[in-house]
Amino acid sequence: MDNGGSVLSLSAPHFPYSATILRRHSPVASISFSLKQPPPQPPEPPESPPDLRRPEKSIGSSSSSSSPSPIPSPKTPLKINPLKGLTNRSSVSPLVQSEVSSKVSSFGSSLASKLRLSSKLSPPPPPPPPPPVEETTQFRDEFRSDTKPPEEETRNPQQEFRQEGKIFVGNLPTWIKKPEFEEFFRQFGPIENVILIKGHHEVEKNAGFGFIIYAAEKSAMKAVEFDGVEFHGRILTVKLDDGKRLKTKAEQRVRWVEEGEEDTKMSNKSSWHQEREGSRKSLQRILDTNGDNWQAVISAFEKISKPSRTEFGLMVKFYGRRGDMHRARETFERMRARGITPTSRIYTSLIHAYAVGRDMDEALSCVRKMKEEGIEMSLVTYSVIVGGFSKAGHAEAADYWFDEAKRIHKTLNASIYGKIIYAHCQTCNMERAEALVREMEEEGIDAPIAIYHTMMDGYTMVADEKKGLVVFKRLKECGFTPTVVTYGCLINLYTKVGKISKALEVSRVMKEEGVKHNLKTYSMMINGFVKLKDWANAFAVFEDMVKEGMKPDVILYNNIISAFCGMGNMDRAIQTVKEMQKLRHRPTTRTFMPIIHGYAKSGDMRRSLEVFDMMRRCGCVPTVHTFNGLINGLVEKRQMEKAVEILDEMTLAGVSANEHTYTKIMQGYASVGDTGKAFEYFTRLQNEGLDVDIFTYEALLKACCKSGRMQSALAVTKEMSARNIPRNSFVYNILIDGWARRGDVWEAADLIQQMKKEGVKPDIHTYTSFISACSKAGDMNRATQTIEEMEALGVKPNIKTYTTLIKGWARASLPEKALSCYEEMKAMGIKPDKAVYHCLLTSLLSRASIAEAYIYSGVMTICKEMVEAGLIVDMGTAVHWSKCLCKIEASGGELTETLQKTFPPDWSSHHHHHGFLDQVSDVDSDEDDVDGEDGEDDEDVNSVSDLLSPYK
């Protein structure tokens, strides 16, 4: 707080709780902390080209100002606890009665026994209603027909003045700026120029329409298809330019040259008729009583004929609190243009505007100007600078200005200490934060409750539960009453460390203490359940919150949509989006991301593309993550041509691909064995200056191993070594799998030894691939030894390991060994799948006619298990098994009758066509072929391509 008593508002965007009014008795200082996120930085007003201003128009000396407004945070009071059914009410809280009371503070010296705080929070201003669109003046005069040649009378004026690639966009919000206008329409193609028509009477607003000139006519046609799209609450009119505006400008120029007429309608209306003193009082009264109404504040200021330093200072401070640094600077320069010298307080307000807008370079420029003019920097000025760097995450710069403040000012206050502590908590440097707390206490400065919250938030970020509880205990010992912010810190701590049960316990303690939840605490609870994939409790918390009368915001809706997508209920997720729109909540890109990914993951690319188009029509500009979601789905479906089309569309929209985009494309080509394309996109990734990581090399190695180019794979590993990229178990598994496909046991064994030397532990996938290599080489003794070795190391075989072993015994024509392996697998509690039954039954049927009786009984047992499991084989497998049955039971029997129950339903119609059996020379089954050729599918149990997907 400065000497004049002005209250600074500082936002802390990383706080996990919402703003709450905190009061203490007999405050010694008054500091206003705003825990809300700062409003978005408004873009600079666009400069209108010279040819867009009418020559007759005279601009007045004053124009009304507008300011972008952040979204307000509604404060709906809670009536009852919505989490009443989630915990046991009769249980006693160990958090308050046992666990918290048993912790001892070990990181700071003792605090003062009586600490006081007066905190006053101001909600952000409401969004302004969209002003009516200014209609452009239409000139009614037309060219004289007698001055035109006869051939020009039949010429179409629309074709004469129309420009290719130019579109008209109408019904724009009058407050929109050129950068936002250009950013939205940039997604349809490269833009040559953007023309945003300024308002006639308010030049800082637009007239409600503008023009986009694309480099290609195709881009303009594509943009016109989105006529009727929603853009910041307005339904846009998008159509090709008809040349009418250029024709009107030509008519205006002709009249100006020939007649010299002045359009009296363009003259600005004067607003200087009110009394100066009454206007000043009106401004002060509005700032005191209705400061959130930005329209009323600006209107009152514009009515002052000759503002003084006081009025200018009030307006700079008003814009500074809102983070509107451009209008704050404009007001500051208007003051200097009148010959008024700024004071330290006005400079501080301007610096505060830049700090809230995250433009610390301009803030430091103001500091240099202050020093050049000999204006002393107050402690409040230093506090604002330190707070600005803290919010920007620049702890070193914050330390520099904090040290300078200590050198210049002998005594510091809790405000500047709170900001420097916040800077180090956000960078997870808790040792430095603890040292600052000790330093503050040694100076005799009482820590307000906000600093306790900052420390608890810092320990939450580093997941230090013990010290977080120590701070909570110390807070209560110093006489502070825990608020919803305090309990919100604890809830956030427990949800971050995965202890949702303790978070529920904190919620119960809140109810006992009479503290009600807010949107932030509810959001933390829902996030905790979503992380644990406990969808039922997440929805229960959401429903209880709605019953309490609280209105969810966009962030909460996004969390619920993610929960619906996580449980696979995509229809309910889309329904929730529609509910958001009915409640006038504007969906964001994050709203649609989980829906697009959900449909893509399930393989429904048609619906995924529909949601992508729906997102665009809602006014959301696609990001690289949105495009990556579509590409991931297409790659999983192996639709590489469509994936490349999405990549091209992404480039056309001006969205730069990242490492994940190219890596996913490379993985797609690797899955189909197209090594050339994989290397092509690897080169493209490097040419664009993107970082090459281990995931990129894994995709390249999979492409080489899939196509059998092991020498190329070795060259890739050498390049990895040259770049100092260590090989992990996934890289080794890919290489071992590549040699296993070729049956090269020696190379695979060498890689396993190399793994052990480098300290990389072989896992189940490594051993499974090596067993596959042994099976293909016919070395089943070594495969058996590998099983014993992995069991000795505590690595248990899984179903893919046993499937590989069964295939090996089948390939070695030892069905009795395969049957023994099958029995061992069931004894370990592993449930057989379709691939196991296929491999085992094929092997047994091939030997049943000449083998012992127990093999025949084994075939019967397996057939009955398949029938009970409801497994149906494909037609190729059925034909092959039928040929084996003819050798065992030529005239049919119990085995034939049982086995035919696993055949396809249309088997009987094919069975009567005897010629069909003669034409079948090979077996084409659902699962991998027993012979295990090098060109096996990705479902091959030895392939590691599907094993890497969880890692990615």
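Our numbering is plain: 1 for the first residue shown, then up by one each step along the chain.
Note that Cβ sites are derived from N, Cα and C of the backbone, with glycine treated the same way.
Values in this document were obtained by computation on a predicted structure and should not be read as measured data.
Here Swiss-Prot flags 1-60 as transit peptide.
Look at Swiss-Prot and you will find 30-95 (among others) tagged as region 'Disordered'.
Marked as compositional bias 'Pro residues' by Swiss-Prot: 37-49 (among others).
As annotated by Swiss-Prot, compositional bias 'Low complexity' applies to 58-68.
Taken from Swiss-Prot, the feature region 'Disordered' applies to 115-163 (among others).
Under the heading compositional bias 'Pro residues', Swiss-Prot lists 122-133 (among others).
According to Swiss-Prot, the feature compositional bias 'Basic and acidic residues' maps to 137-163 (among others).
Per-residue pLDDT, averaged across the domain 'RRM' (167-238), gives 88. Annotation source Swiss-Prot lists domain 'RRM' at 167-238.
Swiss-Prot lists 259-280 (among others) with the feature compositional bias 'Basic and acidic residues'.
For 259-281 (among others), the entry in Swiss-Prot reads region 'Disordered'.
Look at Swiss-Prot and you will find 308-342 tagged as repeat 'PPR 1'. With DSSP classes pooled into helix, strand and coil, the tally for the repeat 'PPR 1' (308-342) is 27 helix, 0 strand, 8 coil.
The repeat 'PPR 2' annotation in Swiss-Prot covers 343-377.
Swiss-Prot lists 378-412 with the feature repeat 'PPR 3'.
Per DSSP, the repeat 'PPR 5' (448-482) is made up of 26 helix, 0 strand, 9 coil. According to Swiss-Prot, the repeat 'PPR 5' annotation covers 448-482.
For 483-517, the entry in Swiss-Prot reads repeat 'PPR 6'.
Look at Swiss-Prot and you will find 518-552 tagged as repeat 'PPR 7'.
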Same-chain residues at least 6 beyond the ends of the repeat 'PPR 11' (658-692) with CB under 8 Å of its CB atoms are 624, 627-628, 631-632, 634-635, 638, 640, 643-644, 647, 650, 699-700, 702-704, 706-707, 709, 712, 723, 938, 945
DSSP helix, strand and coil counts for the repeat 'PPR 13' (728-762)? 26 helix, 0 strand, 9 coil
Going by DSSP, how much of the repeat 'PPR 15' (798-832) is helix, how much is strand and how much is coil, in residues? 26 helix, 0 strand, 9 coil
Give me the DSSP three-state residue breakdown of the domain 'RRM' (167-238), ordered helix, strand, coil. 19 helix, 27 strand, 26 coil
The repeat 'PPR 14' (763-797): which same-chain residues, six or more beyond its ends, come within Cβ distance under 8 Å? 729, 732-733, 736-737, 739-745, 748-749, 752, 755, 804-805, 807-809, 811-812, 814, 817, 825, 828, 932, 941-942, 944, 947
